[in-house]
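These notes concern the structure reproduced below.
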Amino acid sequence: MTKVLVLYYSTYGHIETMAEAVAEGVRAAGAQADIKRVPETVPEDVARTHHFKLDQAAPIATPADLEAYDAIIVGTPTRFGRMASQMASFWDQTGGLWMKGALIGKVGAAFTSTATQHGGQETTLFSVITNLLHQGMVISGLPYNFQGQMRLDEITGGAPYGATTIAAGDGSRAVSDNERDGARFLGQHVAQIAAKLSA
């Protein structure tokens, strides 16, 4: 069975919600989906003061976990147009995997959230994708046969480079149905590609 890791970091829960939708899509394709998160680096008292969502059920990932999967779908909120430092720190610890070529040929994809419609979604996705390319991974985006990213009747996330959501500056906007659909589509699409490549 094709194994897919949904690896994420979430501050207020938006990326956690997207990760769950991605995993639903993976499972719909008949693949195994494991959801793991990277460690929080913000001190707990600071995180509580700023209302971080600390009760996330997903187990903490280690870089060594990545080798076991056929595909890795990475989710992170934006920080000034790039991935959050927590996710960057995790990937900075994957030098040993790079030295062994352990991730070469695996499928990689990305999803993100931003505060606003033009808050750096695509640059954040590319900041993730760059790491995956350096590891030798085969990149998948969110193809345009997911028609939800073409909608003009509502403000919504979605890009050909990955699934996205808009959270609002204070995290008050919930992930929309359309954005969940995009995340599910991404998960299913990646799982289907990984199954073909590992056959």
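In case you wondered, yes, glycine gets a Cβ from its N, Cα and C as well.
Each residue in the domain 'Flavodoxin-like' (4-190) has a pLDDT score, and their mean in this model is 96. For 4-190, the entry in Swiss-Prot reads domain 'Flavodoxin-like', with the evidence type sequence analysis.
DSSP gives S113 (FMN binding site) a strand state. Positions annotated as FMN binding site by Swiss-Prot, on the basis of sequence analysis: 10-15, 78-80, 113-119, H134.
When secondary structure is read from DSSP and collapsed to three states, Y12 (NAD(+) binding site) falls in the coil class. Around Y12 (NAD(+) binding site), the same-chain residues at least 6 positions away in sequence with a Cβ under 8 Å from its Cβ are H51, F52, K53, P77, A167, G171. The annotation NAD(+) binding site is assigned in Swiss-Prot to Y12.
Annotated substrate binding site per Swiss-Prot: W98, in sequence order. Around W98 (substrate binding site), taking its Cβ as the centre, 15 other Cβ atoms fall within 10 Å, counting all chains. According to DSSP, W98 (substrate binding site) sits within a helical segment.
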Listed in sequence order, residues with CB under 8 A of T78 (FMN binding site) and six or more positions away: A84, T112, S113, T114, A115, G119, G120, Q121, T123, T124
Binding-site residues compared (G13, G119) - highest count of Cβ atoms within 10 Å: G119
Cβ neighbours within the same chain of T116 (FMN binding site) - under 8 Å, at least six residues apart: I166, A168, G169
Cβ-Cβ neighbours of S10 (FMN binding site) (radius 10 Å): 24
